[in-house]
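First the structure, in the form of structure tokens, and then the observations on it.
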Amino acid sequence: MRQYENNEVPYSSVGGDEVPSSPKATDKIRKVSMLPLVFLIFYEVSGGPFGVEDSVNAAGPLLALLGFVVFPFIWSIPEALITAEMGTMFPENGGYVVWVSSALGPFWGFQQGWMKWLSGVIDNALYPVLFLDYLKSGIPALGSGLPRVAAILVLTILLTYLNYRGLTIVGWVAVLMGVFSILPFAVMGLISIPQLEPSRWLVMDLGNVNWNLYLNTLFWNLNYWDSISTLAGEVENPNHTLPKALFYGVILVACSYIFPLLAGIGAIPLEREKWTDGYFSDVAKALGGAWLRWWVQAAAATSNMGMFIAEMSSDSFQLLGMAERGMLPEFFAKRSRYGTPLLGILFSASGVVLLSWLSFQEIVAAENLLYCVGMILEFIAFVRMRMKHPAASRPYKIPIGTTGSILMCVPPTILIFAVVALSSLKVAAVSIVMMIIGFVMHPCLNHMDRKRWLKFSISSDLPDLQQQTREYEETLIR
């Protein structure tokens, strides 16, 4: 693997070797515009209120509502702000991998890439299964056996092909899916107005709270804002578009959770034990009838497809970005004629197919733990870049100083430690094994590079942060 000069700021070009997918080679590929980007963020993070029902089951109405009002300020907004600043500072497909590499060196950058890619693939393996789970009530044959296996394979192949055909297509498909997924809840909200009883929103029982389920439900439904950074190189005018899209995305995601909860809790007598995954379809039937229930179920199935294509795009372009920075073999940087990372898509799809047959309860928890470790590295990288390179160009900069940057990262870090502390020993053991694999892979790839068994290179078209910083500081001195 190519090492960075002085092992200091790896956001630089160090040699003339050029990967096949340099930015100049992709100038003619259509970039992602604002609206598709907002919905790609929506599906990276949320996909709608499907899965938030457990928050009511775990903590009751008031804490559930407060969680989705307060939690974005503790986690979502800080993560989105950091993504906006770092994503415009490093507008390329490596995303958070490049941030961590620039601040902490190539070893930790690779670990960030490994943990986040593995986390994304495990997460993505759930969506074909969940899609069929929503349909099996209407089509019982999809519940098990060969029809279910065939359906998972066909669905994975079709959605993978959609990713292969281009990110702009994926973006506009996400827009259509998003509108379809949100509309039934807008209708449900209007129908619920005459039946609302605000007193139901205030029910709370602190003596009967499952804090583990409650925190994990909030965390699961309001994270992954940083995933869009791995597509920054494909965005039209990222310095302007990315921060605005993240702003609109935070509003869209928060509203997609809060308003359905207000309608469902306020219009239906509380039966807390019934608030589990899929309960919104029962709420829809109670408020609007069978037609609205079918619409909500169809929207849930559609949402799973939207999350699949958005996650696969992020995962595959991350591998491309890592190859452009010399962290992975050069063949990962090759693009199809549609501008998509062919091998990245195939690797991500293969991981999804392999994991789709497993039981995910413990593995998903382990994936959550890997995500937490990755976020700690991102917070450290964000603060360290503020301290190491305060004068570097930041097209979008959070209007706080270094002290403010540290303080902003404190609440989400405390939340991460709370999630980790509530994890089981089995989950911790699986996560540690996965991290050890990453620790071993990095020196192995370095050895393959030195022996020239595989070709690694860094794109000469990627900018040199050190040079940009020196030039900027010189202009300040003048």
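Quick reminder: no glycine exception, Cβ is built from N, Cα and C everywhere.
Note that the structure is predicted; figures quoted are calculated from it, not measured.
Feature annotation from TrEMBL assigns compositional bias 'Polar residues' to 1-10.
Under the heading region 'Disordered', TrEMBL lists 1-24.
Taken from TrEMBL, the feature transmembrane segment applies to 32-52 (among others).
The transmembrane segment annotation in TrEMBL covers 58-82 (among others). Only residues 6 or more beyond the boundaries of the transmembrane segment (58-82), in the same chain, are considered here, and those with a CB under 8 A from a CB of the stretch are 45, 52, 200-205, 208-211, 213-214, 217-219, 221-223, 225-226, 246-247, 249-250, 253-254, 257-258, 261-262, 265, 270, 272, 375, 378-379, 382, 398, 408-409, 411-412, 415.
The transmembrane segment annotation in TrEMBL covers 94-110 (among others).
Positions annotated as transmembrane segment by TrEMBL: 139-162 (among others). Distant neighbours of the transmembrane segment (139-162): 128-129, 131-132, 169-170, 173, 305, 308-309, 312, 345-346, 349, 352-353, 356-357; these residues of the same chain sit at least 6 beyond its ends, with a Cβ under 8 Å from one of its Cβ atoms.
The list of residues near the transmembrane segment (169-193) in space but at least 6 beyond its ends in sequence, with Cβ under 8 angstroms from a Cβ of it, reads 32-33, 35-37, 39-40, 42-43, 47-49, 162-163, 256, 259-260, 262-264, 266-267, 280, 283-284, 287-288, 292, 295-296, 298-300, 302-303, 305-306, 309-310, 313. Annotation comment: TrEMBL describes 169-193 (among others) as transmembrane segment.
As annotated by TrEMBL, transmembrane segment applies to 245-270 (among others).
Sequence annotations record features per position, and here TrEMBL assigns transmembrane segment to 338-357 (among others).
Proximity of distant same-chain residues to the transmembrane segment (363-383), defined by a Cβ-Cβ separation under 8 Å and at least 6 residues beyond the stretch ends, is recorded for 79, 82, 85-86, 96, 99-100, 102-104, 108, 111-112, 115-116, 118-119, 122-123, 126, 216, 219-220, 223-224, 226, 355, 402, 405-406, 409, 412-413, 416, 419-420, 423-424, 427-428, 430-431, 434-435. Taken from TrEMBL, the feature transmembrane segment applies to 363-383 (among others).
Only residues 6 or more beyond the boundaries of the transmembrane segment (404-422), in the same chain, are considered here, and those with a CB under 8 A from a CB of the stretch are 74-75, 78-79, 81, 211-212, 215-216, 219, 368-369, 372, 375-376, 379, 382-383, 386, 398, 428. The transmembrane segment annotation in TrEMBL covers 404-422 (among others).
Feature annotation from TrEMBL assigns transmembrane segment to 428-445 (among others).
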Check: Under an 8 Å Cβ to Cβ limit, what residues of the same chain, 6 or more beyond the ends of the transmembrane segment (32-52), are close to it?
Finding: 64, 68, 76, 167-168, 170-172, 174-175, 177-178, 181-182, 185, 217, 220-225, 227-228, 231, 234-236, 241-242, 244-246, 248-249, 252-253, 256-257, 260-261, 277-278, 280, 299-300, 303-304, 306-307, 309-311, 313-314
